[in-house]
Amino acid sequence: MATVFAQSHSLLNTRQPHQHVQQPAQQPPQQQQQQQSTRPKQLSKPRFYAEFSQCLFDFVIQLLPTPEELAIKEDVRKLLERLIRTLEPDSRLLSFGSTANGFSLRNSDMDLCCLIDSDDRLAASDLVTMLGDLLERETKFHVKPLPYARIPIVKLSLDPSPGLPFGIACDIGFENRLALENTRLLMCYAMIDPARVRTMVLFLKVWCKRRKINSPYKGTLSSYGYVLLVIFFLVHVKNPPVLPNLQSMPPLRPMDKEESTLNGHNVWFFDDINLLRQRWQSTNTESVAELLVDFFKFYSREFPYNSGVVSIRAGGIKKDSKGWFSEAERGSARERNRLCIEDPFETDFNVARCVTRDGLYTIRGELMRASRILAARPERPIVALAQL
């Protein structure tokens, strides 16, 4: 940038007509060689990709929940389930979200969903109030019931202790069956190719948090949104694809509409992963480093943000087809749809609706920055990882 400024500044300098301008003296060859030798060394692509992939694996394995943490969280789930059954005997308490889909980081929050297998059940708001009172009496959790929220939940937290150095934070919701199906879908994608898929997702979850672009409340994208970006890229952008489209694969037997529909939404996807491995094999042999480099390149330069929709269900579709963009709508509707990511089951729901113009500008800037760092292919790939 300084060189460009100096060049443009010299063009503005006035000088007398016919004035002789002395040309800069050429540097001796030895000095030129010394300058070239000071430039950062760049690894070959194959070597950089191999070494950077190993750096990613070594980094991500430190992010995974420990067996002890998983055991404690399962004990907490069972305890809460027993207490809830004193209010609703036909209830079940299930994990969903990153806790259960294979994309959980160490010390992450718990998301639990209470299902009540009875037609004669309490309203969610009443159950939240009663459960909040019960948990305050019977446990050491800090309890915050939110019975009148758009989605009534109970928020719990447990202070750090020697056995739980980071404590526990937990949200309990009710009857969110679509979220459970969504969790199963993402878990299946994680299981197909865990070495590449989980590594990419877990690294990007840490990366976007580090770069401060993972807060819907501040106009950027949720972690769930980044997971969908990765799956869309691996299913619909890479050629050959790394992952199959589980929602487009036909069922093994004829199915009634009722079997594949939940709350009016089609929730069918191919979930027999063992059988899938026998019938479908990806011919894409790219390393996780190559995939990550292409991911940053695609979303920083190639994805059509003005007109495109990220849909793991249908591939590349247009905003117009969803009614998410209209030239006539220059106000709030357009502002809500700067970035469009279709929910896999609630297909009229834009997961990225909270991303603002400034938020999208920041996200794309970070994607471009990451792409430049990786394009440099430094001699020590661990340096690139640290810079990201």
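In case you wondered, yes, glycine gets a Cβ from its N, Cα and C as well.
Per TrEMBL, the features are as follows:
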- 19-36: compositional bias 'Low complexity' (COMPBIAS)
- 55-190: domain 'Poly(A) RNA polymerase mitochondrial-like central palm' (DOMAIN)
- 287-348: domain 'PAP-associated' (DOMAIN)
- 15-43: region 'Disordered' (REGION)
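Regional average pLDDT for the domain 'PAP-associated' (287-348) in the model is 87. Residue counts for the domain 'Poly(A) RNA polymerase mitochondrial-like central palm' (55-190) under DSSP, helix first, then strand, then coil, are 59 helix, 30 strand, 47 coil.
Across the range of the domain 'PAP-associated' (287-348), the DSSP-based residue counts are 24 helix, 7 strand, 31 coil.
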